[in-house]
């Protein structure tokens, strides 16, 4: 078996270490309405189309109960759209600062391309958001061969449509000749639903939720415990393999090509 393409997520996988761009914005739009949500809650739906992310937050039992306490009723679809419009406005203003490629990504991409492997990408950001992120990332040396956003297909993650569109545009089939790499549970589900080899990256991920400084300064035992929690979460949601950093990806690829991993 030969791997012919790798499909990467963006924030938390290839750019924006820790996936912090959307986090505080999600928290802020709820806080403005007197409903406090935690960073852990805000991260849980990460990877979804952002309006679906807002909707998923309103459906969490604790948040829904707090909203009902404040407003006397559960959030409506109008509330969701109002918050999403605010989310977009704030996010657009900060996105250029959160498009820096994560350490090691550019080198791994270059190595994959030397092997003739095509580079695709999917995201939970809209096309308009990605015009900002992709442009800034390209200026800093990261540009995949193709990008698909939820706007380009009938639905975003966990549906497989963005991966399928990448496969068509890159001219690669069958799907088990491709790897999906991401940093969220929804990435794992997207890859598995598409019939692809699916790999979760841990350091810099939304699931780990730490800055690079926090990772580097944390007690090694505590950090290892957190890494293993994320590793298990990825495995429970379909990851065929996990890597701590992108530099380990080619090693996983070699195991796949030697048929030392089994797709199921």
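Placement of Cβ uses the backbone N, Cα and C atoms for every residue, glycine included.
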Of 183, 219, residue recorded by Swiss-Prot at the Mg(2+) site of 9, 11: 183
Cα separation, residue 50 (active site, schiff-base intermediate with substrate) to residue 9 (Mg(2+) binding site) (Å, whole number): 14
For residue 9 (Mg(2+) binding site), the three-state class that DSSP assigns: coil
Shell of the Mg(2+) site beyond 9, 11, 183, same chain only (C-beta within 8 angstroms of their C-beta centre): 10, 12, 13, 14, 16, 19, 46, 47, 123, 182, 184, 187, 205, 206
